[in-house]
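Quick notes on the structure that follows.
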Amino acid sequence: MNWLSSSSGVVLTAYHPSGKDQVAGDSHVKGGDEATSSRRYGQYTINQEGSTKVPERPPFDRSSSQDSLDESMEAYWTELENIKRSNENRQEGQEAIVVKEPDEGELEEEWLKEAGLSNLFGESIDDPQESILFLSTLTRTQAAAVQKRVETVSQTLRKKNKQHHIRDVRDIFAQQREAQEKPPDDSDLRSVRTNENKGQGKDDQPSSGAVDSKEQISRVPEDTPASETDINLEVSFAEQAVNQKEFSKERTQKISSNDSLPSFRLPKDKTGTTRIGDLAPQDMKKVCSLSLIELTALYDVLGLEFKQQKAVKIKTRDSGLFGIPLTILLEQDQRKVPGTRIPLIFQKLISRIEEGSLETEGLLRIPGAAMRIKNLCQELEAKFYEGTFNWESVKQHDAASLLKLFLRELPQPLLSMEYLKAFQAVQNLPTRKEQLQALNLLVILLPDANRDTLKALLEFLQRVIDNKEKNKMTAGNVAMVMAPNLFMCHTLGLKSSEQREFEMAAGTANVMHLLIRYQKILWTIPKFIVIQVRKQNIENQKKERKAMKKLLKKMAYDREKHEKQDKTANGADVPQGVIRVQAPHLSKVSMAIQLTEELKASDVLARFLSQESGVAQTLKKGEVFLYEIGGNIGERCLDDDTHMKDLYQLNPNAEWVIKSKPV
């Protein structure tokens, strides 16, 4: 279904989520209106001409106890003025992104494809078994989100008399429910739903696939409320939101911009915390599909609209530094420095800023001269890859301006076109915890290049904030200065009313603040999603084994005999309660280790590294890691605090290998 060809296009020069009121800006206003006009022009009408005067911005009603985020909105408006002046010299060659307005049902169809559920509609509906297996691993709220969108697509296809086999959505979800209600065999990993498997108990021995559900979720007694600052990664965020609604008829009051940000923490998980970059690509793909479904379910539960947005392909330069898609830029860089994950120019600009001391007052806030920035851009384009550019000539504030310009001139936003609206909508979630949960899922959904670059940016911004006593750049200041550079792109946007413009300013600054403050938490993959990935892997393995048995039915006897021999050999090699750890690149390539309650991944690494000699002795902690490979996971890098016995019970068929992380 190609809806792009049949829809009318809208050319956007800046991006705004839902504002429809159009107010023309005035670039020639004098006196008291001048600052207001230029600020408005800077954000929403960068490429517009022929503007008219608008009323002066209404005063902002500020409370007496403003927190750091709202110290001075003037920093935000000043940054927009600086952006406007910078763009006046860099209009040439810019092309607006064309965003097509989708037909009814098209967004839902794209969503199902992104979620890996295209088998639920269209020509492949005749064999939906794979999707039904996927659905059987979903939580109640996730399944509801999927069903809602399948129904919309089915209704739309019927209306349009498409020549597809339109299966009744009730049939699909009836099969899904049957799959969930079937008694699990010993190799099944139980669902992580909060309303399932209560009171079930098994012995302490691990099954062939996983441990029983009480090992999957550490339940908090109903009469013991969880700490408001604890982030529960073991239960679906959407399910938590439902439980919160049921627990209290009155939802937590909507947060205001002057609420201080709490110090959230992640309780220790004995099976180890999983971070982005720890999983194999095939498992990470499943994580992204589940994160999209979970994010949508969370927005559905909280009554917010979740819509992805696609941009039509536009012409972009295929070489250079500024205005180049991240993927193309990284391809260029990797020819120079193999394994590069963050653009070299971006890294160099950050390095140049830090060389001038992060204690410089007004760092990031004070702009470089617009004409000088333009000349530096041209010189960088010509000399950067040749290695002849003179970095000593770049002043610190100029480097900061170039860094922000790089972000603004990306053909598509660093936060991605698909999810920019969802990032902006985070400000509308009722509680800080739910805002954090949504941001966590959104970060997971970003393309690798965008996510890696965002991480480098946030880490740099935190280093700037760490020097706030000297540079006067608090977290609130930095958030307000950087928000328009991330949430406003020179190719996106709509003119809006002043009230809407002000709400967007405060809201995006708030989201920027959350990204900086909670960046360490945001790069964590929730445990309930990892558990669902394990469950999917088990279901897929069962399906593959079933297919294999049909193909090799005549060889069943020989295979069973061989498996028994292998099992006997393995049992003799590794006694009960012992794991064998492989280290193919170290001098001691294998070691049998007795499992104890206290044994952690860091202890296993320490035992191997302590026995290294010669050249291998130079290996340090952080250069090699212990991996869980196979069983019900593809591959997972373990954090130091992983309790090995607990993880062994969760995945008894895994292999344990010490190796370095892939570049």
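Using the three backbone atoms N, Cα and C, a Cβ is placed for every residue, glycine included.
Some features that Swiss-Prot has for this protein:
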REGION    14-73  region 'Disordered'
COMPBIAS  27-37  compositional bias 'Basic and acidic residues'
COMPBIAS  38-51  compositional bias 'Polar residues'
MOD_RES   Ser65  phosphoserine
MOD_RES   Ser68  phosphoserine
REGION    85-106  region 'Disordered'
COMPBIAS  85-102  compositional bias 'Basic and acidic residues'
MOD_RES   Thr156  phosphothreonine
REGION    173-228  region 'Disordered'
COMPBIAS  178-205  compositional bias 'Basic and acidic residues'
COMPBIAS  212-222  compositional bias 'Basic and acidic residues'
REGION    245-277  region 'Disordered'
MOD_RES   Ser260  phosphoserine
MOD_RES   Ser263  phosphoserine
DOMAIN    324-523  domain 'Rho-GAP'
SITE      Arg365  site 'Arginine finger'
MOD_RES   Ser610  phosphoserine
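Taking the C-alpha positions, the distance from Ser260 (phosphoserine) to Thr156 (phosphothreonine) comes to 45 Å. Neighbour count (other Cβ atoms within 10 Å of the Cβ, all protein chains): 19 for Arg365 (site 'Arginine finger'). There are 8 other Cβ atoms within 10 Å of the Cβ belonging to Ser263 (phosphoserine).
According to DSSP, Ser263 (phosphoserine) is assigned to coil rather than to any helix or strand. DSSP classifies Ser610 (phosphoserine) as helix under the three-state reduction. Long-range neighbours of Thr156 (phosphothreonine) (same chain, six or more residues apart, CB within less than 8 Å of its CB): Asp103, Glu104, Gly105, Glu106, Glu108, Glu109. When other Cβ atoms within 10 Å of the Cβ of Ser260 (phosphoserine) are tallied across all protein chains shown, the result is 10.
Taken residue by residue with DSSP, Thr156 (phosphothreonine) is part of a helix. Across the structure, Arg365 (site 'Arginine finger') and Ser263 (phosphoserine) are spaced 26 Å apart at their Cα atoms. Within 10 Å of the C-beta of Ser610 (phosphoserine) there are 9 other C-beta atoms, taking all protein chains into account.
Confidence over the domain 'Rho-GAP' (324-523), given as mean pLDDT on the 0 to 100 scale, stands at 92.
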